[in-house]
């Protein structure tokens, strides 16, 4: 029955006929699903019976409906086709050249300003280090002070994974890197580029703030995270991909930490 309901849900998404006919109005005891072997429909167990494949039943109305009401997936479908074309026509960067990074191109003027004004670079580095300290205090404080370990566990998962990935594929330091003794890691020591722990830690803290409805603090951290990302690109301390994956890593490990805590609660109750 669950498989049959899933089939109906899919048809509701792609077909205007289900909305017009009222066969899936959610009233009563749910949607009644019928399947006919003669018409090639779906069995109640979810298997496709002998007959037409699903796409062979689509009509022009279905296509128009998807294009009209599911614009975001359509946009990404167009993006898929575009980047397939780009991937097969773009010339690869020669192994003798530095990596091409669009974020470096966008922040070229900012990079020149930091390179020619060491004092500004050190001030921004010091402010960024303070922001990293704010992240750390908040994430550890949620556990030690508030007794909520999720953000702390998420950060532990994230930094361990970052170490594994950073060691597994060690990216070269950008040739135009502008360091500062005020930056973190302090003293321009070696560090892993992939992925950005600065960005991921900010995302973990921001997600926890949103769970606790600390909206203003969350928006502050998001704004500082954007400024932090711009500085990291401007100093060539990270590639763009490091920052983007850092955002995804923060979301991923926050989710995994939540699942871990729920599993421990279930085990304790059992």
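Glycine is no exception: its Cβ is also placed from the backbone N, Cα and C atoms.
Note: TrEMBL annotation is automatic and uncurated.
According to TrEMBL, the feature region 'Disordered' maps to 20-45.
The annotation transmembrane segment is assigned in TrEMBL to 72-90 (among others).
What TrEMBL records for 100-259 is domain 'AtPDCT1/2 transmembrane'.
Annotation comment: TrEMBL describes 123-144 (among others) as transmembrane segment.
The list of residues near the transmembrane segment (151-169) in space but at least 6 beyond its ends in sequence, with Cβ under 8 angstroms from a Cβ of it, reads 138-140, 142-143, 192-195, 197, 200-201, 204-205, 207-208, 249-250, 253-254, 256-257, 260-261. Annotated transmembrane segment per TrEMBL: 151-169 (among others), in sequence order.
TrEMBL lists 189-207 (among others) with the feature transmembrane segment.
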Beyond the flanks of the transmembrane segment (189-207) by 6 or more, those residues with Cβ under 8 Å of it:
128, 131-132, 135-136, 138-139, 151, 154-155, 158-159, 162-163, 165-167, 169-171, 173, 218, 221-222, 224-225, 228-229, 232, 238-239, 241-243, 245-247, 249-251, 253-254
